[in-house]
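Visitor: Structure below; questions to follow.
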Amino acid sequence: MKKFVIILILLTLFQLSFGVNVSVDIDSYGWITITSEKNISKNLENLKYLQLWSSKNGNIYIFQLKVPLNKNKSQLIYNLSPIGKFHINKVSTEKFFKINDYKVENGEIIVNYSYNFTTIAILLLEYLFIFILTLYFTHHLKKLFRKKSATIREKSEVLKKYTIHFTLYAISITVILITQLLIFDLPDLISYTFNVGLDTAIIIWMLMLFVFMLLPPVLAAKDMVRCFSSQKSKDRNENEIKKSPLMVALSFILLFAPLGIMFLIIIYGIPNMLISPIKTQFYDLPLPLRTAFWITFYYSIAVLFSKTSTQLLKYTKIMKRINDEETINKIKNIVNDISKKLNVKPFKKIEIIKSDVANAMVEGLFKEKLVITSKLLDILSEEELKAIIAHELAHRKKLHIKLGFISFIIIGAIIYSIAIYILKYINIEGEWVFTAVFFTAYIIDYLLCRYISRKIEKDADLLATKIIDPKTYIKALAKIHFSSYMPKEGILNVLMTHPSLKERARYIQETYGLSKDDVDKIIEEAYQYVEKVVNK
């Protein structure tokens, strides 16, 4: 009888501990992963934890517990005795910590850890490097903008150098900070050290990235304004120089704010709240359709923010609307005339805004509006203005805005769905793999969308030149190009939404059999005219 009782006890203990393995990981919290061949979920009901996730992989039950740390003693102490006997597989921590020792006593796990000062020192050295790089780049920008640049070509060369150098600087800062995210898990370090939530820590990390990006252009803003101000408006610009750092900062904030808003929406779980009433039906949809839904959702947020920021700029008089009825009526007449030639409906709304940038654009996905800047009206003749309006009406005729929007969604849905399938089927885990796959997908998506945008612009150019003299059209493009200090060859063309002036002139020349000498002469005349106007 005694032997039977002993055997029964041993079998019970064996049953409780059979196949139960535990792994411990420490970052800003303790993470205890339990794997078992038996479903021990009832045993876990007696445990205290912050959160619990459970899943099943084949015959293996997986439970992950999020538990608090004793930060005062730098310890993780957790009682797992309710699950019976278990085996510790591994105890690990993030790079900014190191495990001093661990033990299991009566089912209680005790892990002692401390800061890894070697890692902390590397992080501090990286920030010192970023700080020095920021100071150096700021000094470089000031020096670049202080060079005597009298002609448009000299200023366009300055702009070209600025664009290339800023792109390299931004990439360097981004790579360093993403490395800190992936290798050192910086947000977790911030969360642990300053006792803030992980969401807040991620926001702090994002703000650091943004501030380092923003600092050099803001600190060099006054020199930038002096460099690109025209002789004609020098007195006015001198009065605006004091405001320039604030204006540059505001421009950057408005540029990057949509990304920040989308990021906050993601980390605060708003997407899950949005689909929660139809979660089952939503996840029954094919992956490309779900991806397309999210792309449309985030794009809509960006559009909504763009409209809001435009109204803000108008309200603060940074982007001032010009109510010149005579000029607006003149533009309406041109629009009506050209729309008849292209057999397309004219724009119902036309707006003129005060700006030092010569530009015309179509705003709105459904209610399209023609927006023209005051600088464009200043530098173009009436025939040249007709050429640019013909270009915008060509976009309307070809439904470019709507088709572009749809194509961007389809391309994004396909590329990111492929990325998700790759992650699913290569069966390799890790933040580096995830980042590499999605960063590659983002680059491909970005380059493809930019390529399509340039093709759309080419399509509009070739349609507009069917009703406008090609030489006049090239001259109008050249004036806009040079007035914005853009070099003829363009800057980082593969990243641009529009082809360079050189490329646009080339395909118009080839389409209509113009001589290269004539085209070069037209572009030079446009350059001389803009040079004269700028330095008047």
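Count begins at 1; order follows the chain as displayed.
Positions of Cβ are set from backbone N, Cα and C atoms, glycine also.
If you look up TrEMBL, you'll see 120-141, 162-183, 203-225, 246-271, 291-313, 403-426, 432-449 marked as transmembrane segment. What TrEMBL records for 329-510 is domain 'Peptidase M48'.
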Visitor: Restricting to the same chain and to residues at least six past its boundaries, which positions have a Cβ under 8 Å from a Cβ of the transmembrane segment (162-183)?
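Guide: Residues 95, 123, 126, 129-130, 133, 137, 140-141, 144-145, 205, 208-209, 212-213, 216-217, 431-432, 435, 491-492.
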Visitor: Should anything in the same chain at least six residues away from the transmembrane segment (120-141) have a Cβ under 8 Å from its Cβ atoms, list it; otherwise answer none.
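Guide: Sequence-distant neighbours of the transmembrane segment (120-141): 96, 162, 165, 169, 172-173, 176-177, 180, 184, 186, 189, 212, 215-217, 219-220, 223-224.
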Visitor: Over the domain 'Peptidase M48' (329-510), what is the model's average pLDDT?
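Guide: Mean model confidence (pLDDT) across the domain 'Peptidase M48' (329-510) is 88.
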